[in-house]
Amino acid sequence: MAALRRKFGEDYQVVNTNRSMTFSAPVKRKRQRFVEKNGRCNVQHGNLGGETSRYISDLFTTLVDLKWRWNLLIFILTYTVAWLVMASMWWVIAYIRGDLSHGGHDSSYTPCVANVYNFPSAFLFFIETEATIGYGTRYITEKCPEGIILFLFQSLLGSIVDAFLIGCMFIKMSQPKKRAETLMFSQDAVISQRDGKLCLMFRVGNLRNSHMVSAQIRCKLIKSRQTPEGEFLPLDQCELDVGFGTGADQLFLVSPLTICHEINTNSPFFDLSQRSLMNEQFEIVVILEGIVETTGMTCQARTSYTEDEVLWGHRFLPVMSLEEGFFRVDYSQFHNTFEVPTPPHSVKEQEEKSSLTSPNPLPVAPTPSSPLLGNGGRGGRRERLLSADYADHVEDQASRLPSKLQRMSSTKEELLWKGLKTGPALPGGKASSTGDLPLSIQRLRSSSIPAVRHGQPEEQVQLLSLDGEAEESELEKHRQPAAISTIAAPTFQIPSVGSRPEDNLPPKLRRMNADR
């Protein structure tokens, strides 16, 4: 089966010999990547038309960007052609002057270039001059002005060619692309909870002891989408926040670090769940930039993670350990992960579920405690015991009032109680100011306190002591409703006016006395 897999590839079927059942091996379609794992961008430019001339205008950058094989070929061809052309020019000068016909060059004849008899000797003269070797047998004489001009031109041209080609080779050799190969990224990215929040995480590391100065990391989400206007955006780029606001994107990369992207309402993965991850198509491009400490050149390392390389519910294994006197990094565990309990729902679903299960309670204004008689709780209870009608709705009304109105109401109640306790007698059966009293207390006073005749001592309204224990025991004993208890609690001293006191009582008190 392994041989068949190697021969026919992954897409094949295993058929049983009895032909009763056919098993098809699960085939995973290869994902077309925008950026390869090694950082190479999988993009090719075509149909440039007349734009190819732009490459010639920036010839130096064009040569540096070429592959090494083409650089070496251009380097060798340039020097070879330059040498052949210049050697041919020296041979032409010797041929025109007739130096080639005088083979031995007698002492009476002065050639342009001594000891140049043919093309190989002219080529050797050019190489000796260009390389400044100077063997001493071939040299230019003063009888050849055209040779002197050609020599100056050769020196200028050689300097230009050397500067151009050697500069290109030096820049290409010193490029920090190889430094990026010692910067590692984890093979997979993981999604799990950190500090109670769902996060997308991956790991980066530096294999060299030399540091990356001002290292900074960025993440891009590559995903095609369609706008509400119907425009299709292929490979749309969206920024992933990896701590730009908090400075977490600035790395001190001396040991492997785990980069974290918090999935929140501003994240493009806000509605991503474990189930929807299987149907998504996206690519996360990670870009790590920094300055190489040894050369001072900017280095950039790249990688990418597709949706099948994002593991839900996993976490990276720790790689740091404390040894005797130093910290040790175990890069054998750099790519390994392990499963952890992680909610399979998206952050959006979790927020909706939490808002439904635990809604915020409605704000309720606290009932103000009246500072009557030096005790707010006891004064409030005495106020409620004055009238049954008032006890039914005063708490609901007070809870709906704003705090400012509640303080005003409490001040009025305090003045009322002071008037009832220490105020003057009630001449004519009316209070000095009844407009400040609640309506239920006004009815109680007008119906239960008769007019006082002249000459009789003035009476005051007396209130019973409202101790909490005595009152609760009394209420528990008789088990009376709250309205009856509030009316029966206070006792008033009513002067005799010639008729029965029962006739002057309110209807509720008369019914209670009749029942008793």
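Cβ from N, Cα, C; glycine included.
Automated prediction, rather than curation, is the source of TrEMBL annotations.
The compositional bias 'Pro residues' annotation in TrEMBL covers 360-369. Taken from TrEMBL, the feature domain 'Potassium channel inwardly rectifying transmembrane' covers 35-176. The domain 'Inward rectifier potassium channel C-terminal' annotation in TrEMBL covers 183-354. Per TrEMBL, region 'Disordered' is recorded for 339-382, 494-516. Among the features that TrEMBL reports, transmembrane segment is placed at 72-93, 148-171.
Sequence-distant contacts of the transmembrane segment (72-93), counting only residues of its own chain at least 6 positions beyond either end whose CB sits under 8 Å from a CB of the stretch, comprise 63, 66, 112-113, 116, 118-119, 122-123, 125-127, 130, 144, 146-147, 150, 154, 157-158, 161, 165, 168-169. Across the domain 'Potassium channel inwardly rectifying transmembrane' (35-176), DSSP assigns 87 helix, 4 strand, 51 coil.
On the 0 to 100 pLDDT scale, the domain 'Inward rectifier potassium channel C-terminal' (183-354) averages 93 in this prediction.
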